[in-house]
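**Student:** Encoded as structure tokens, here's the structure I'll be asking about.
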């Protein structure tokens with residue numbers, strides 16, 4: 001029976017049965033035949049007693065391949081390592097890719113265990129991990145690996161190919177071989193293809209590409225991800241201030257960064273951390289309450305403003321029917337503008353200055369507001385047979401959309417210049433500001449034409 005064709009649920013049940021029946025040989029044969037990703041998904045869905053048997057059945061090297069595929073920021077990683085004996089856990093970390101091992105160690109809660117693992121693992125692995133663990137979070141240094149292949153520029157292609165064969169099993173990527181001088185400064189790159197097709201007696205510096213794209217060790221990870229995307233790279237070298245080659249960032253780590261940034265932006269727009277996992281509804285509620293309570297008090301401003309127009313609503317009760325229509329549409333317009341603004345800030349391609357972007361959104365808001373305003377005016381005219389009421393709602397709608405567009409554009413820019421995450425800080429406030437301004441504009445215009453509306 002082909003195990004690859006089974007569903008995940010069926011595979012989990014199959015392996016649980018093998019573990020419960022202590023069928024180690026059968027378990028190893030079928031489990032190790034799976035892709036590492038499938039192994040990690042099955043492992044993450046097993047109970048503690050099943051995982052403890054896996055620690056007996058698999059070598060640290062075999063389990064390291066599984067942990068290289070697990071999400072290192074998952075809080076359960078800490079639980080997994082607590083289940084292992086310290087020597088076994090240290091061996092697993094030592095067999096993992098250094099950058100992945102660093103991610104795991106940075107997310108362990110017990111700092112004493114980290115020191116213990118570092119002392120127990122092989123000296124070479126400990127040195128590689130130590131060289132990475134102190135880099136600032138969310139920088140190129142924090143996501144790079146030191147397991148790459150480099151050659152001297154005076155070497156021959158034959159010598160470089162021999163070195164590639166020797167180190168390929170330890171390297172995280174072999175698609176690019178980086179060329180350094182006698183001081184370990186990055187001077188070029190040669191692809192695996194060029195290494196294979198050229199004569200082995202040629203010198204590296206005669207074949208290498210000197211226009212090598214690289215990043216500084218303290219560059220932000222978002223900029224790194226954008227560079228890999230723009231230049232269509234499989235790996236990106238990381239250099240120090242003197243261009244000494246420190247490490248390499250591989251495309252799989254870049255994909256993780258892009259996922260993290262997307263989650264972060266979505267979390268900001270939704271005012272909740274979508275990356276968090278909760279064991280109970282109570283813990284989930286606890287994480288969401290702060291923003292909800294904050295927005296509750298901000299929303300009270302809108303309620304207070306509406307109460308100031310009680311007399312107006314009492315005289316023309318028809319006005320109350322369109323409040324949510326105007327605030328909702330304006331809120332949608334603000335969210336659209338916010339999404340575009342955050343996208344531009346994230347990708348660093350917004351070359352317009354502050355005022356030109358405001359003018360752009362002002363014109364965009366005027367066009368969309370005019371069309372939506374005329375549309376809603378005609379609908380109200382047909383529905384309520386009142387031209388003035390339709391005009392009031394149409395004008396209010398247009399003005400509210402313009403204001404919401406402007407807010408969605410300039411608030412993220414202001415937050416970014418103040419050093420705050422524009423996605424996290426902007427979303428809730430734009431919704432509240434949009435509601436406040438929409439209500440104020442709507443009732444202010446309605447008050448001017450009250451006699452014609454009644």
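For all residues, glycine too, the Cβ spot is worked out from N, Cα and C.
Unlike curated records, TrEMBL annotations are generated automatically.
On a predicted model such as this, the values are computed, not experimentally measured, just so you know.
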**Student:** Could you check which of 243-267, 318-342 is flagged in TrEMBL as transmembrane segment?
**Tutor:** 318-342
**Student:** Looking at 318-342, 354-380, 428-450, which one has the highest count of Cβ pairs under 8 angstroms to the transmembrane segment (289-306)?
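**Tutor:** When the Cβ pairs under 8 Å are tallied, 428-450 comes out ahead.
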**Student:** Excluding the flanking five residues on each side, which residues at least 6 beyond the ends of the transmembrane segment (387-408) place their CB within less than 8 Å of a CB in that stretch?
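**Tutor:** Same-chain residues near the transmembrane segment (387-408) but 6 or more away: 318, 322, 325-327, 329-331, 333-341, 358, 361-362, 364-366, 368-370, 372-374, 376-381, 426, 430, 433-434, 437-438, 441-442, 445-446, 449, 452-453.
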**Student:** Sort out the residues at least 6 away from either end of the transmembrane segment (318-342), same chain, that have Cβ-Cβ distances under 8 Å to it, and list them.
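**Tutor:** Residues packing against the transmembrane segment (318-342) from afar: 265, 268-269, 302, 306, 312, 357, 361, 364-365, 368-369, 372, 376, 380, 384, 389, 393, 396-397, 400-401, 403-409, 411-413, 422-423, 426-427, 430-431, 433-435, 437-439, 442-443, 446, 453.
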**Student:** Averaged across the domain 'CBS' (144-207), what pLDDT does the model get? Just tell me the whole number, please.
**Tutor:** 91
